[in-house]
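Asker: Dropping the structure in here first, questions after.
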Amino acid sequence: MIPFLKNAIIAGTPLTFGILGAMYNEKAGNLNLGIEGMMLLGAVAGFQVALLTMNPVLALLAAMVFGALGALIYAFLTVTLRANQSVTGLALTIFGTGLSRFWGKRLMGTVLPESFSRNFRPLSLPFLSKIPVLGPILSVFLEQDLFVYLSYVIVILSGIYLYHTRFGLNLRAVGENTAAADASGINVTLYKYVHILIGGALCGLGGAYLSLVYVPSWQDNITSGRGWIAIALVIFTSWNPYRAFWGAFLFGGLDIVGFRIQTLNLPITINQHFLRMLPYLATMLVIIIGAVRKSSSHMPPKDLGNPYFREER
Amino acid sequence: MQIVKREGTSVKQVIIIRLIAIMAAIVVSGIFIVFLGYNPVQVYSNIISGALGSKIRLKATLLEMCPLVITSLGILVAFKMKFWNIGGEGQILMGAFAATYVALFVDWLPKPLVLPVMFIVGFLTGGLWGVIPAFFKARFGANETIMTLMLNYIATQWVTYLQYGPWRDPSLKGFAKIANFPDYALLPKLFGIHIGFYISLALVAIITWFLRKTKRGFEIAVVGESVSTARYAGMDISRIIIATMLLSGGLCGITGVIQAAGVNKTLTMNVSSGYGFTAVITTYLSGLSAPRVLVVSFLFAILLQGGSYIQSALQIPQAAADVLQGMILFCALGSEFFVRYKIRFNRKNSVSSEVK
């Protein structure tokens, strides 16, 4: 059970980044369907820079920059030029998928050398194994690689930022009621740009986790729909960074159930292709449940998806 | 600088703005091509000649255009209702799946009936795949974008399962492939192009008529404009959403039938090969007008066919064409702004002249 849960955290980490990325977009009132595209841009850029420099910090920076560049295109089109958010997001996914496939063509099948992977070996705290009962449970969370620890840090920082700082409060005001936020002197355009870019950078990191640590080699469409699952999980985890973490954990578990179930010697064998449908089926279920239980504490930002024009107020 | 809403943009202005957008797309893509180390003029001329340069290439372009047209029509009816159906891929695959079942496993049908039945079950199965998200949207307001997308992945796994599992052709040893259709289940040809192409032209006319002249078509537009207006007018919104998605998914399903029976001669992943997504672009660029779908799909077919030509002629990967598609769409999306707004640069004298 413990190894399973550990792997669930690992499989959930790209989702954690993706959900947070989508969440920052949506907190600013923008429904960005380009998450998958930005994750792929980050995945390929991180992989390329890792190969060229063998430097994990530079690889992560590259992933963030390319995720954010994708977000910049989206922000320019939707915020400044007021283009349709859904279609722009789709275009970004098509663009990101195409560019990552094109760029990754020469990287196909390349495996990152051991000297690089060493940077992302699981690290454990030495006293952890000595604690009875609690030790193994804690080891699920605290015997992980640096990247996973980074996701914890970002989850906590996001929580503090959103709920305990003035900037976070302002951001939520922009998403909830753009016109009122504008009237109260908040620079709406700036807030939207900054948080769409932060979201893009986080998506880039999520993609890089796949290409640098999880797989770790290049393959076409390495995200295989995780960006879309992330968009669904934002709804499921109701725009809350802490719940985002647990949602990703849950879906990470679901992701590896497919691999594990065949080794369990069950009386009935379930075909692997049906098992691979599980995360997608679960995502649909999440969407439906989310739509059915429309309680007030689980509602999206009120101005989500609405383009904002000061002139038309 | 000030942004002002245009009061009724004239047709001429719209055309000029669109032309500028196309120019911008050509320039931006050109920069990308230079960045790849190629000569953009050479690449563009190869795309054009690769798509239109000879009779065979023109036929190939028209064959490429056919699935785009029909899928776009399917996406269009959904988009008219503001139902963001991006599940074209899955709907195409499921339509092809049902047609394949008829072609390979229903042996009691008289042979001349096989093809028509393939079209009917293909339409219904693709439509059903569209009705699933429509039902949950109509009943609970569940987000259709993600639902339709998830159904794509499920359809993909389903077809892979069939290909590697129960439908695998045992006569092909070591090669997981579904058996080819018998001759009577293949689309006949007319003037060297399979009849799917002519069906696509007919469908453009039918959908144009349907949306403009029929009550059902009008209802779709009303629901798309405003759900509350539709409700006020006493329309059964749930029924409209579900019926429209049956049509939308059904049209995509027909694409699947045509690609399986006209091009691939069997069920493979290639029957969809991205048409569901490309059609989202072509539909949007057509401004949700069925006749214009024809024009935009033709241009995109040139891009796709020319894109695969430059792959062999200049060794530029096919994925580069996807990147170009993305850039073209960005330019088109950006140009929308200039159709709706104009930017006024406030110089002192212009302000004072307006005051007078």
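Cβ coordinates are placed from backbone N, Cα and C, and glycine is handled just like the others.
Heads up, TrEMBL stuff is auto-annotated, nobody curated it.
Checked TrEMBL, it gives:
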- A:31-51: transmembrane segment (TRANSMEM)
- A:57-79: transmembrane segment (TRANSMEM)
- A:86-103: transmembrane segment (TRANSMEM)
- A:123-141: transmembrane segment (TRANSMEM)
- A:146-164: transmembrane segment (TRANSMEM)
- A:193-215: transmembrane segment (TRANSMEM)
- A:227-254: transmembrane segment (TRANSMEM)
- A:274-292: transmembrane segment (TRANSMEM)
Asker: Is the transmembrane segment (A:193-215) in contact with the transmembrane segment (A:146-164), using at least 3 Cβ pairs under 8 Å (sequence separation of 6 or more) as the test?
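Answerer: In contact, yes.
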Asker: Which sequence positions outside the transmembrane segment (A:227-254), separated from its termini by at least 6 residues, show Cβ-Cβ distances below 8 Å to it?
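Answerer: Distant Cβ neighbours of the transmembrane segment (A:227-254) are 4-5, 7-13, 15-16, 18-23, 26-27, 33, 35-40, 93, 151-152, 155, 158-159, 162, 203, 206, 278-280, 282-283, 286-287, 289-290, 297-301.
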Asker: Taking the transmembrane segment (A:193-215) as the reference, which of A:31-51, A:57-79, A:86-103, A:123-141 gives the largest number of Cβ pairs under 8 angstroms?
Answerer: A:57-79
Asker: Give residue numbers and ranges for long-range contacts of the transmembrane segment (A:86-103): same chain, 6 or more residues beyond its ends, CB-CB under 8 A.
Answerer: 31-41, 43-45, 48, 70, 73-74, 77-78, 220-222, 227, 305
